[in-house]
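Engineer: One structure is given below, represented as structure tokens, and several questions about it will come after.
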Amino acid sequence: MTPRWDLLLTHATLATLDGEQPFGLIKDGALACANGRIAWVGRMSDLPSAASAVRTENLAGKLLTPGLIDCHTHLVFAGNRVREFDMRLNGASYEDIARAGGGIASSVAAVRAASEEELLQQSLPRARALLRDGVTTLEIKSGYGLDLANEGKMLRVARRLGETVGVGVRTTYLAAHALPPEFTDHADGYIDAVIAWLPQLHAAGLVDAVDAFCEGIGFSPAQTRRVFEVARALGIPVKLHADQLSDLGGAALVAEFNGLSADHIEYTRDDGVRAMAAHGTVAVLLPGAFHLLRETKLPPIAQLREHGVAMAVATDCNPGTSPLLSLRQAMQLACTHFRMTPEEALQGTTVHAAKALGLADRGALCTGMRADLVAWNVAHPAELCYWLGGDLAAQVIVAGQPSL
Ligand SMILES: O=C(O)CC[C@@H]1NC(=O)NC1=O
Ligand SMILES: [Fe+3]
């Protein structure tokens, strides 16, 4: 039977992220889409001669990759915190600012004051900026509402962003991000509330995963564990802001719950890496926050490689530690600061990022996967980590449809 495709892209340099070749590279390749899925991928010389498509486009050697997946963002927020940026340039630490009532708390006030529509309108430009730079799936966390109504507002805005911009969105409930003013000095009572709100938000279809900020200026391992136990009882996967500023054993804790990912992990020790390897927990590396905070403690990249822990890379787009609007820039920082290879960085924003979100239908150029694709104005995948800035995405295709 002659295949009848919707779209056929020819003469492309395919970075499939599949197979034995570095980047899964196929020179002079072709890829066909049908009904939003990849229907055929391979060498031009193997293309079925009778194949035809509604639209055929010759990419003339351009690089074609899977759509990029930003697996860790706080993209929904109001206002910004440029003043803190200036304070940090003058020597204040992230903790100093948080303890002085700035930091996350100031974003909480702004989100609570914003309507759902205002929050959507302020967040749309950030989602569109990431899309223009090749992102076709976004994870978006709550965590600036810190009460039921405002956490729900954030999660609804996250869902609406996906519908409005036309990208895939996975939501993460991060009410355990900071202590709201009404619970000052009463962290355990706030965790009771965080746990109480979860079933209702999950029943409303707003929660795909649960996260917490396990840190000296966040919540303790014991408080984190309480949240995770309720998530597990509800069948919701977990992930964790783990060991970012100190070693609290966060990576081992989220691995114990078969967590999707441990994120940041600058201070994670070998036992945490081994636990992640044993449980298939992905390491999500966030070089934007490392860079903006001028952190010096590197995540345990060598141990992650040694133990075969999948490494993802994300923007951590947020107004405090990582106002980063380019996942490609995060890849560049991951190579420059963390010495990841360009192949590891691209794996980190495709196949490994999909794993960090529990998604098996995207992240590589394989038959049957979602036809989320980016055609780039470059010839080799390493250039995605090489160029700083620039407008490299020639076409972004989501579920087989051009999105730009
Ligand atoms: O500063 C913010 O607004 C969020 C910072 C972000 N959240 C977290 O737990 N760690 C981070 O880097
Ligand atoms: Fe974060």
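Every residue gets a Cβ built from N, Cα and C, even glycine.
Quick paste of what TrEMBL says about this protein:
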{"type": "DOMAIN", "residues": "64-381", "note": "domain 'Amidohydrolase-related'"}
{"type": "BINDING", "residues": "His72, His74, His241, Asp316", "note": "Zn(2+) binding site"}
{"type": "BINDING", "residues": "His72, His74, His241, Asp316", "note": "Fe(3+) binding site"}
{"type": "BINDING", "residues": "Arg81, Tyr144, His177, Gln244, Thr321", "note": "4-imidazolone-5-propanoate binding site"}
{"type": "BINDING", "residues": "Tyr144, Asn318, Gly320", "note": "N-formimidoyl-L-glutamate binding site"}
Engineer: Which chain neighbours of the N-formimidoyl-L-glutamate site, leaving out Tyr144, Asn318, Gly320, have a Cβ atom within 8 Å of the mean position of the site's Cβ atoms?
Structural biologist: His74, Phe77, Arg81, Gly103, Ile104, Ser107, Gly143, Pro319, Thr321
Engineer: Of the binding-site residues Arg81, Tyr144, His241, Gln244, which one sits closest to Gly320 (N-formimidoyl-L-glutamate binding site) when you measure Cα to Cα?
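Structural biologist: With Cα distances computed to Gly320 (N-formimidoyl-L-glutamate binding site), the winner among Arg81, Tyr144, His241, Gln244 is Arg81.
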Engineer: Please report the three-state DSSP label of Arg81 (4-imidazolone-5-propanoate binding site).
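Structural biologist: The residue in question, Arg81 (4-imidazolone-5-propanoate binding site), is coil (DSSP, three-state).
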Engineer: Quick one: pull the CA-CA distance for Asn318 (N-formimidoyl-L-glutamate binding site) versus His74 (Zn(2+) binding site), whole Å only.
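Structural biologist: Spelling it out, the Cα of Asn318 (N-formimidoyl-L-glutamate binding site) and the Cα of His74 (Zn(2+) binding site) are 5 Å apart.
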Engineer: Determine, using Cα-Cα distances only, which of these binding-site residues is closest to His74 (Zn(2+) binding site): Arg81, Tyr144, His177, Gln244.
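Structural biologist: If we rank Arg81, Tyr144, His177, Gln244 by Cα distance to His74 (Zn(2+) binding site), first place goes to Tyr144.
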Engineer: Any idea which of the binding-site residues His177, His241 has the thinnest Cβ neighbourhood at 10 Å?
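Structural biologist: Result for the binding-site residues His177, His241: minimum number of other Cβ atoms within 10 Å at His177.
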Engineer: Near ligand 2, which of the binding-site residues show up if the criterion is a Cβ under 6 Å from one of its atoms? Options: Arg81, Asp316, Thr321.
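Structural biologist: Result: Asp316.
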Engineer: Which are the residues of the chain, His72, His74, His241, Asp316 excluded, whose CB is within 8 A of where the CB atoms of the Fe(3+) site average out, their centroid?
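Structural biologist: Going along the sequence, the neighbours appear as Thr73, Lys141, Asp263, His264, Leu286, Ala289, Ala314, Cys317, Asn318, Ser322.
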Engineer: Return only the integer: C-alpha distance in Å from His177 (4-imidazolone-5-propanoate binding site) to His241 (Zn(2+) binding site).
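Structural biologist: A Cα-Cα distance of 9 Å.
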Engineer: Return the maximum Cα to Cα distance in Å (whole number) over the record's 4-imidazolone-5-propanoate-binding residues: Arg81, Tyr144, His177, Gln244, Thr321.
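Structural biologist: The 4-imidazolone-5-propanoate-binding residues span at most 20 Å between Cα atoms.
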